[in-house]
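A.B. asks: The structure follows.
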Amino acid sequence: MRRAIVRGTGHYLPERVVENSWFEDKLDTSDEWIRARTGIERRHFAAEEQRTSDLGILAGRAALENAGLSADQLDAVIVATSTPDLTFPSVATMVQAGLGMRRGFAYDIQAVCAGFVYALANADAMIRAGLAERVLVIGAETFSRIMDWTDRGTCVLFGDGAGAVVLEAAEAEGASSDRGILATDLNSDGQYRDLLYVDGGVASTGTAGHLRMQGNLVFRHAVEKLADTAHHALDKGGLGPEDVDWLVPHQANLRIIEATAKRMQLPMDKVVLTVADHGNTSAASIPLALSVANAQGRIKPGQVLVAEAIGGGLAWGAVVLRW
Ligand code: UT7
């Protein structure tokens, strides 16, 4: 059978770093509260002229370099984002052009913070079905553009950035010892739309709108659903929590990550953490964490990784892969 294996990773973070203390004279908040309740210490914000596609192009270029490939060796580009440059065309086609790729196809996936997990599952299915040999999967976001800067419950949480992974087809046995994506688990439940949404859009207000969240309710769903989806994905892959070398969680809140690791009976030294330095970068958070950990040489060939995320929709899911 065919599997989608990871050939390379890359990321890009905008130059501007904003520490928690930056919010203190603007809002009734403190560095202490933000650290204690979220684990976030700082985040990156894109420059005024930088768009989501610019971040995606830089992350994509870094992943191609890491993979030792050129853009015209790709068959497809998938970008997970909820903060596109324009209503259309897709960010993915802009990234395709920016990378100088003149063949293949490109499209966006919108599953908010779960977007990268959805995009990986999509690319995996494409590769296994023989529709593509090599797919560049990117999570890229500029959530700073949809913040309500007067809402202390949301604006301190999010940051901008992009991460990318090159997936490549490889022949495999069909066993849990194979390299590559072993299993995926996707879920959504639209009855929870009011817990996390943006209050604007093309067909409603004609504006981009601002992010609205009932944080404590999302928190409860996250703690319950993330460990469940991770367990389901492991089960589908013929593995158990004891086989996991690295949990690569969506970086929304350190307390959610700790609770998920605990429910999976994983020690925190098996968890990739970037939330302190990146904040919540929505669909970009998992590929950013993956790329940072890979660049640090922490992920070794043969190791088992579980990536999981939840966000607006609600939409959530997990991917299990062997490096
Ligand atoms: O990425 C998509 C998925 N999103 C998430 O996973 C986010 C999930 N939610 C969370 O991470 C947490 O719910 C938050 C970090 C957003 C909030 O933490 P919490 O422990 O759930 O606090 P809370 O919302 O229950 O609020 C506790 C108190 C409230 O004050 P009162 O009503 O008790 O007086 C808030 O108004 O904390 C207050 N608060 C703040 N205080 C200082 C909320 N935001 C802030 C702030 N600074 N920035």
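Quick reminder: no glycine exception, Cβ is built from N, Cα and C everywhere.
Automatic prediction, not curation, is the source of TrEMBL annotations.
Per TrEMBL, the feature domain 'Beta-ketoacyl-[acyl-carrier-protein] synthase III N-terminal' maps to 107-190. TrEMBL lists CYS113, HIS250, ASN280 with the feature active site. Annotation comment: TrEMBL describes 234-323 as domain 'Beta-ketoacyl-[acyl-carrier-protein] synthase III C-terminal'. According to TrEMBL, the feature region 'ACP-binding' maps to 251-255.
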A.B. asks: Among all protein chains shown, how many Cβ atoms are found within 10 Å of the Cβ of HIS250 (active site), not counting that one?
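C.D. replies: HIS250 (active site): 30 neighbouring Cβ atoms within 10 Å.
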A.B. asks: On the DSSP side of things, how many residues of the domain 'Beta-ketoacyl-[acyl-carrier-protein] synthase III C-terminal' (234-323) fall into helix, strand and coil, could you say?
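C.D. replies: With helix first, then strand, then coil, the domain 'Beta-ketoacyl-[acyl-carrier-protein] synthase III C-terminal' (234-323) has 37 helix, 22 strand, 31 coil.
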A.B. asks: By a Cβ-Cβ criterion of under 8 Å, what residues six or more beyond either terminus of the region 'ACP-binding' (251-255) are in contact with it?
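C.D. replies: Residues 37-40, 113, 157, 219, 222, 273-276, 278-281, 285-286, 288-289, 310-311 contact the region 'ACP-binding' (251-255) from elsewhere in the chain.
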A.B. asks: Over the domain 'Beta-ketoacyl-[acyl-carrier-protein] synthase III N-terminal' (107-190), what does the predicted model average in pLDDT?
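C.D. replies: Overall, the domain 'Beta-ketoacyl-[acyl-carrier-protein] synthase III N-terminal' (107-190) comes to a mean pLDDT of 98.
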A.B. asks: Counting only residues 6+ away in sequence within the same chain, which have a CB under 8 Å from the CB of CYS113 (active site)?
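C.D. replies: CYS113 (active site) has long-range Cβ partners HIS250, ALA252, ASN280, SER282, ALA283, SER285, ALA309, ILE310, GLY311, GLY312, ALA315.
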A.B. asks: Specify the count of other C-beta atoms within 10 Å of the C-beta of ASN280 (active site).
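C.D. replies: That number is 23.
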A.B. asks: Where DSSP helix means H, G or I and strand means E or B, what are the helix, strand and coil counts for the domain 'Beta-ketoacyl-[acyl-carrier-protein] synthase III N-terminal' (107-190)?
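C.D. replies: Going by DSSP assignments, the domain 'Beta-ketoacyl-[acyl-carrier-protein] synthase III N-terminal' (107-190) contains 22 helix, 34 strand, 28 coil.
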